[in-house]
Structures are given as structure tokens and as C-alpha cells.
Amino acid sequence: MNSVDSAQTSGANDVGNNDTEVIPTYSEAFPPLAGDHENVPTTSSENQWLNPKVQRIRSTVVTQIFHIPMEERAFKQSEFGQSQKDQSKVCIDIMRITDTMIEMSTCRDGSLSLLVSGKAENVLKARREIFNKLQTQACVTVNIPKEHHRVILGKAGSRLQKLELETATKINIPRSEKQSTEITIVGTQEGIHRARQEIQMISDEQAKLAMERLPIEKMYHPFINGPRNEFASKLSKEHGVRIHIPPPSVQKDEVVVSGERDGVAAAVNKIMMVYQQKSRNCKTISVEINKSQHKYIIGPRGQTLQDILAEADVSVELPPTDSLSETVVLRGEPGKLGQGLTIVYAKANSVVIREVSAAAWLHRFIIGKKGANIRAITSNLPRVNVEFQDEGNKIVIEGPPEEADPAQQQLELQVKELKARMDFAEVHIDPKFHKNIIGKGGQSINKLRDQYNVNIQIPTDTDKSSLIRIEGDPEGVKEAKKELEQMGQRLENEKSKDVLIEHRFHRNIIGQKGEKVKAIRDLFPKVNISFPDAKKKSDVVNLRGPKNDVEKCYKYLKQLNDDMVEKNYCIDVPIFKQYHKNIIGKGGANIRKIREETNTQIELPKEDSDNEVIVITGKKADCEKARKLIRAIEREQANIVEESVTINPQLHNQLIGAKGRLVRSLMDDYGGNVQIHFPMGSSGSDKVTIRGPKEEVEKAKDQLMQIAKQKELSSYTKELKCKAELHRFLIGRGGTTIKKVRDETGARIMFPASNDTDKETITVMGKQADVDTACKILEERIKSMENIVEIEMEIEQKHHKYFVARRGAVLRDIADEFGGVAVSFPRIGDESSTVRIKGPSECVEGAKSKLAELVDDLDNQVTIECLVDEQYHRTVIGQKGRNIQGVTSQYNVQVKFPSRNNAPANGDKGEVVENGTNEEENKDLILITGHKDRCQKAKEAILALVPISEQVDVPYKFHRYIIGQKGLGVRKLMEDYDITISIPPADQNSNFITITGVSSKLEAAKEGLMERVKVIEGEEEDRVLRGFTLTVDVPNQYHPQIIGRRGVTVTDIRNKHSVNIQFPDRDDEKKDQIRIIGYEKNTESARDAVMKIVNELESHISQDIHIDRKVHPRLIGTKGRAIKKIMEDFGVDIRFPKDEDIVTVTGALEKVDECVEHILNLEEEYMQDIAEQEETKRYSHSTYQGNEKSSRSTNKAPFVVRDAPWHQPGSVDTNNLEEFPSLGGPSSGNKSSSAAPAWGRRY
């Protein structure tokens, strides 16, 4: 008996002992898990951990299986599995197109099974593609009447597409212009059968339908329709037909009935009975009724007319609204016309129009605030409409007499009351004073309104009216008028004067929070001082008030401005940068002393800037004094002289140059020892100052004057006067005329810009002789243009319409082109063909030539046809019409392309063409209209734009290089030559590349392609040379040394010799062969480098030494640092075989011996350390560990169970699931597998 069995037996004998623990049974110790259905009862198929409220989300992915029988497979078994490859390729294409997943397998009987997963609509598309491409296709022709084809197509072809999708077939319906009745169905036998059955059903349904057109005069349509369409609707419901009666606005004498044949026949019979009865019995009565009353007969949306028809069985015909006729025609049977006439008169007179005279200014008082007053009147009279007409000073009331009359009385009473208690007055005040009357933010006018309880209406600035209207209480109106007149007189007597104060001083005058200007206004209380907006930077300050006060205020502000200008006088003093520190002095002593003595502000440029100018601000005398003191300090440091030269201010900018380049280069010529200072542009001074050492100043002066003289010679300016409307003619189309003058004379000619105030001055600049020549040419041309003449020419009347059409657009273009000439054509109806041209003589002749040219175009205008395949039209037109616009502008022709297909969509009825054929437009036909000579050239130009295709023989192996990475190569070729390149698919192995484009570009494209081929051939040759392979036999034990740590050694050889070195795999048969790939020369040099390493390695020896494995970790060190150091110090290689105490040292004999001795010494040292550590550990922990072990051995008993499977007699069967149950999940017996998972939610 083993130990466990003995423990079990002893435990059983001690069950009754209270001091021992009860031994559990095997079933208690190891209860079954939830996966056992026999032990864990379940009441639901769902896991009880799942939340029953959470609803499952239906997957959008569906899966379907399709079978294709062996005999119907498109790809049968063939040699080398080629059919399998083709079949797989088709499946991949279908997956890509339909966005589905397809799994394909072949059954034993040779049939093909396909499992398709994806969205429902995509699976349907994949099904159709599968049956079309993987199953053999049959073809069936069905004869269906032509008129049923549109129904099979459906709207925009939707019905046909759905049918093709459902049956996985391809259905071809002949085009509408063809007379064929045959419909072809291509697909599988099953799909064809379903499609043919569906098409036949549609045709059979259509065969039962019919359509009749009944010639019934429009006057009888109301009787066919019936009141409120009752009769026609009743017939439609009874017989299941559609009845189309044209609306009143369409003048058509027919009624169309369509539907099933029997229903159509019955409906037609009843309609014709009504028509014949009415045509025999109906009579007419014509009455005159005021045009304004017609709308009451019609009623809202024609409702009244329908009421008359229903009540009296009489139709009422009224003239169109744009007609002047007032005749109303009643049509019906004689016995009912009287009743109809009575109703018509009643309806016509059911609404009356009343007018109330009321001045326009009273209207808003009658209306009241937000319409309160008028609403009070109309709220009790809902059918009354009140309209206020300001132009006629009246109020129009519209409604039934019983409501319109009370409304009129109330409004008249209200007008009378308003006239009694209200009045108005008008005051004329100059519009320029209106803003003063309104006041700032409307303060003044609002004060008047509130004070006198009146309404004052002031016209807007755009009205430019002087009339101010006052309305309200008579007394208030009187007082407000009096005060406004006084204000107007006062404003008329007031004086307005502007004082110019520099914008920079405005803030000083206004002061902080307006304190200073407030003090000025206190001194002159009757004067209004207005400063301009700060954003405008204007210097004008406006003064308004009594004349004497304005003058005093003006003098005060003028003096204030003069004082500020005097105190803000500013001069620039150029001082050499190296002397700025001397001017500042130690701790700023010098500059501070100058400031205090002169009472000025002195600003020096920053130390790190190139600026040398010191700015002095203050009174003029003080500034001059400060300048002298500063210059004196500078002269103490160096011998500086200053000279001034006079140069025309207009040349200053040219001498300074762009961004100061020219003057800076002058100063640099003298090593920066010379300063040239130009005055400020606003000063108008012509003095230029030159400072520096005397000799260098003289040289700089001479050079500057020489440059100024050259600039002056080339800057001679002269001005000409010419009317602005003639400038266009002087310039010429595209500037050709004026460019010719500039080229001939070399002068610069500047015309005024659009924003210049002076539009007539032309400026000519350059050398004097050139300017004089250019001016002479321009003056002669201006003189000839200003000589206004009038000439006549004959243009046939048939062409007049072309010139005056589109509001004279052609004549406006001629006037713009030829100096604003006036071209006058005879009036319409006049038999004259004389056209008068008036304007400058040269312009008139040019306009006459242009008119003659246009007439010649019209006389010789033809329209020719050019046939170009519709598929090339877009290419001919070009991007954004660029190509065709070039043709039309070059040859002055019009080109018309056929319109896009606007025919009715598939399934639509479209227009019915009776007793004839509907000719369709030729989609390939292009029409060219223009002069007969130019049309032919334009046609040739258009045909030249039609792309043609040529094949270029390029070896198949080069195709992928021409395409390039991600198509970059072929795309670049297409962009460079503006052509299309078509490369055949890889499976065709074709050498021909197709180039498509305009003939003029094909040759260049072919040359470019062949050049690319030459480059690729060169690269291919180079690739072959680089592919030379050299094999070297090297024992595989040397391979790691050749590779080096982390591949350092072999990488160095690869980079140095530009080769690729490949080592054999471990399980390779040729383990000793190293392959070197590259240029032959490079591979040989790389081989030599490898063999050099091999030779060195062959001279090495390997020695194994016994080193205790306990020492290995310390020898290796952290991350191998210690062993690396040993190998580097001794120049050897050290290896540690697995699970052994052996260490292998490889290297030169002497180095190996030294390294072995060193390692053995280290082992001895490390072993001593290990022994000491173990001894210390043993003595420090022995007592504690002994006590703990004894305690564990006496107290802890082994875990035992009763009735375990291994205690049963006989052999143990581990395959018994009852004795060894599975860990969760469904059992393998005949148990239901629908229970929930044992450990929570599954998704």
C-alpha cells in the first residue's frame, strides 16, 4: 500500500474521533463545474449572468452558399492547375468589386461550392457575378412587342437592373431607335428561365392595356370632368382607368383614356355619350361684366366656377387676365342658362369696392401702433380687406356690401376726427443743416418730439430733400414749426471754419478724458469744435458758431498749434557710429548736459542698429544749438568736414535706390568713412549733405553729382493732354500701339490710373530727345483723333439685326475698341441701308473696316459639319473648354457640339409621336459656323484634336519599370506629353504599348518613351553586371567571426566593396559556401577581404578549459560587459557551451595562453568568494531553519480524500467522463449544447 492509501485507511478508522478532522469524499472536494448538464440544472438557454434587458444586435453580414454543377463550370480541370488559377483570380476580382468575402471549394463530384459573406445587397451582386463568370452562360432570345420594352426597363432602367440582379443574368433590350422586338437574355439556365418568365408576365400585363384619344372640343371639357372632377373620378374608379383632361391653361382638344381594354371601352362609351348630348343641346349666352369683378366669379382656385357648374350644370368661360375683353360666356342647356346667369351676377356683385379719401400722412394714425386701430375695425368684419394707397391719398375697402359699407362709415368717421384734432406743417431747411437739427445720436430732434408731442420726419441723406414734415397736435405742430424755423435761421447765420492742426497734436489739445478741450469750449461756449475721427488721420478741425466767436476760437487754436509746432521742430544729425559713445559721455554726462542747456529731446539710435542719425526735437533755435554742440564733440575726435550739394528733389529716390542700396554702395566705396544724408521727402529741400574726411568727401561729392546728372538726363518729363476716351485707341489692343512708340523712342509713357483725379494727363519720361520724339508722335495721333468726322457706309438691312441685337453688344465692342465712335443704324421700319459712323478720323476708319469685316463674315457665313466620334468630344473640348476656345478665337467661328442625351429616361413615357418617326440627333455631328474660308481651317484644327492611337514595341520585361512605383513613371510620361498610355495586362505577355493622343504630340511622346526604354536598357545591363555572383568556400565555424558582433564586420565589407554577402542557413546542404553578389571586380576584392579574415582564423587555436558553472555568471558580467572586456584585452573569442563546465577560448597561441591563465585566476578568486558566502549563510540560518523544519514535519498532515476513482477496484479508466469530468463547456454525450457558457458572457 502506498502512502496515500495508508493515509486514507487511517483516516477512515478515525472518523468517530472528535480530535481528528473528517476526511472529505472525492465528490465533496472536487465538485463538478457548470458545464456538466446532469449536475447543474438550467432553466434557460441563456447564461443567468447575462442581462436579459440587453437586446442582441442583428448582424448586417449575411452568408449564402452557391453551388455550380460540374458540367456547368466555366473553368474545367486542366493541366498544371491553370483553371484553378483563373478561377481564383475571378473570385478575387468579384470580392474586390462587391466588397464581400468568398470561400471556394471543389466537391468530390466536381461541382463548385462558394460561401459568400457580406452585406445583403453586396451578396446579391456577388451572386450575379459568380454565375456570370464561373458558370457557363446560355443565351435565349424572347420576342416582346416594342411598346412593352419601356415598361420592362422601368424608370431610369431601375426595373431592368433589379431583374438582372435577382436572376443573375444579363438582359439586352434593343435601343429605342431600332425596330427590333427581340430581347436577349444571357446567363445560367435557371436564371434565364426566371428572367424570361418575369419578362413575359410584364408583357402579358401590358397586352391587356389600351389607350384612346378622344377628339373633344375644349369647351366641353368641364362637363366631361364634372363639378370638382367628380364625373371623371367616378369613371376612373368604376372601370379602373386613367382619364387625362388638359388643364384650362392648355389649349388642347382631346381627352386621353388609358387602362385595361374593357375598362377603357366602357369609359370611352360613357364619355362620348356625355359629349354628344352636350354638343347637341348646349347653347351660349354672352354678358359684359366689369373686369375687376371676374375674380369673384372665378373664386379661390376656381372654386366658384365649380360651384356654378354643380348647381346649375352651366360652364362659365372668362377671358384671359391679360386680355382687355370683359365678355363672360355661359354654356349649357337652354333651361339651365337662366339659373346659371343669375348665379354669375350674384357672384360678380358679391364683393364691392368702396373708397375713403384720407391724406397719406393720416394713414399711419388710422392704422395705429402695430395695426391696433385698423384691427379693431376689421376684427368684426372678417371678409373685408382694407388697403392704404399713399399715391392717391385714399383707402380702398373690398368686401361684401353688408360688411364693406360699415367699414367705410367707421373709417370716414375716424378720418374726420383725426382732421379735427391733428394738423401737419412743412418746413424747408437746407439738407446740410439736417444733421445739426438731429443732433448727436438724435438728441436734439428727440427733445423736440417729446416737448411738443409731435412727429417730425426728416428726409435721409440720399433723398437730398429740404422738406421737414411735422405732424401731431395743432398747437404742438405750430410751436415745433416755429422752433425749427428759428434753428434753420440760426444755422444759416452761423459760420463754419476749418483750422489745420497736425493730427499728432490732436491728442494734446483734447487732453486726458477731454479736460483741455472742455476748457477751450468753456472759453467759447457758442462754438462747436469738431475733431476728425482718429482713424482718418486728418488735420482738419471744424469750428461752427457765431461769426465773431468762431474767429476768436480760430485764432486761439491757431496759436496753440503754432506753439506746438515750434516746440516740436525736429532735425536729423548724422554722426559716425563710432563717436556716439563720446557724445553720450561717461554715464551719459555729455548728452544730459546738452539736453539741459538746450531744453531739447535727443534720441540716439540703438547700439546694435546700423542707423547713425541722432534725432533732436524742440524749438528750432534750441535744436540748432544742440546740433552744434554734438558736432563739436565729433570734430574733437576726428577731422570731419561737411559739404552740401544741390540736387533736384525728384531725383532723390533714384539716388537712394531700392531700400537704400545705391547710396549705401556709394558710402561703402569709401570704407564707411563718408555719410550722405538726403532730406525728408516731405520737406521739399534739394540739399544733400556729405560728411567725412575732406579728400573722401570731395570724391564722394563728384561721384554723386555725376550719378545725379545721368539720372537727370534719363528723367526728363513732359505732360500731354488727351481726352480719356481716346486713351484706349492710343494704347491699342493688348498695348501693341503704345508698345511700338516705346520701342521706337525708348521713352516711358504713363497713362493715368483708374483712381487718379486727373484722367486726361499723359506723362512721358526719359531722355529729352526721346521724350520730345515720343510726344511729337502722340500729339499727331491725338490731333488726328480729335478731328471728329462722320462717314457713311452701306450695310444690307438683313444684317442690321445682327448688330443691334442683345442691346447693341456688337456696337458697344466696336466703340470700346475704336475710341468711342458712335455707329448709327436706321430705325426699325426704315427702308434705308445707310449706316453712319461718327468719331475721330482714325477711329472712324478703323470702325468702318471692322464693320466691313463683320459684314463680309455674315455674307460668307456657312455652317459645315464635322464628324467626330462622341467618345472623343470631351478630349476635343479640353479641360474647361481650353482646346475649343483656342480654335474659336483663332478662326473667329462658332462651334456647336450635340447636346447631351436628354431623351426620356428608361421607362418614362416621353412625348408620343403619332403617324411618324422620332428622329434622334446625331451624337457625332459637330457644327462649325463662320466665314467659309475659316470654317474649313477650324474643321482641320478640330480634327487635329481628335486623339489617335499608335502601338510602340517595348519588350515586356521593361513594362514594370515604365509603370514605376505606384504608377509614378507612366503618370509622369502622360503628364509631360499630354497623352494616354495603355500598358497591356501582365497575363497577356504582350510587347506592345498603346499611346493615345493628339497627332502633334504622339511623335514627341514616342521619342520620350523610347528614350525611357534606352535608360531602362542601360539600367538592365547595369543590373546584370551588378548581379555577378562569386561563391567562396569557407568552413562554417568561421562564419560567425566573418559576420562579427551584430554584423559589424560583414557590414563593413559590404559597404566598402558595394556588394551583397549571403551566408548559408544552418540546415543548408552547402553550409560552407558564402555567396558574394555585385560587380565582378567588387566581388573579387570582397572575396579577398573575406579570405584574409579566414587566413587569420586558420592560424588561431581553440583551447577548452574546465571552469565551474557557478563562476560563469561573474565571468560574463552584466549584459556581457565583463567577458567583452576580457576578449578585447586579449584579442580572443570566448564561448560558453550550454549545460557544461567547459569554456572555449579561440585566438592566437600566445593570446590564448595568457587569456586562459587570466580566466583560471579569476575562477580561483570567485570560488573562494562563493565558499565564504555559503559558510556564512549556513552558520547564520541553521538553528532557525532546523526549528522550522521540525515544526512542519510534526504538525502538517497530507491532504487526503475518500472514495476517489483510484481507490476503486480494477484498472483506472481516464477516458471515463463521469470519473474524470471535463472543465466546463458542453459534454460529449447526447446532451443539449444550448446551455450558456460556464464563465460569463460570450459574444
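Just so you know, glycine gets a Cβ as well, placed from its N, Cα and C.
Nobody curates TrEMBL annotations by hand; they come from automatic prediction.
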Which one of 1-23, 70-92, 277-299, 392-414 shows up in TrEMBL as region 'Disordered'?
-> 1-23
According to TrEMBL, which listed range is region 'Disordered': 900-942, 1201-1243?
-> 1201-1243
Which one of these stretches, 28-47, 588-607, shows up in TrEMBL as region 'Disordered'?
-> 28-47
What range among 364-391, 616-643, 1008-1035 does TrEMBL describe as coiled coil?
-> 616-643
Residue counts (helix, strand, coil, in that order) that DSSP gives for the domain 'K Homology' (281-349) = 37 helix, 15 strand, 17 coil
Taking every residue in the domain 'K Homology' (567-635), the average pLDDT works out to 84
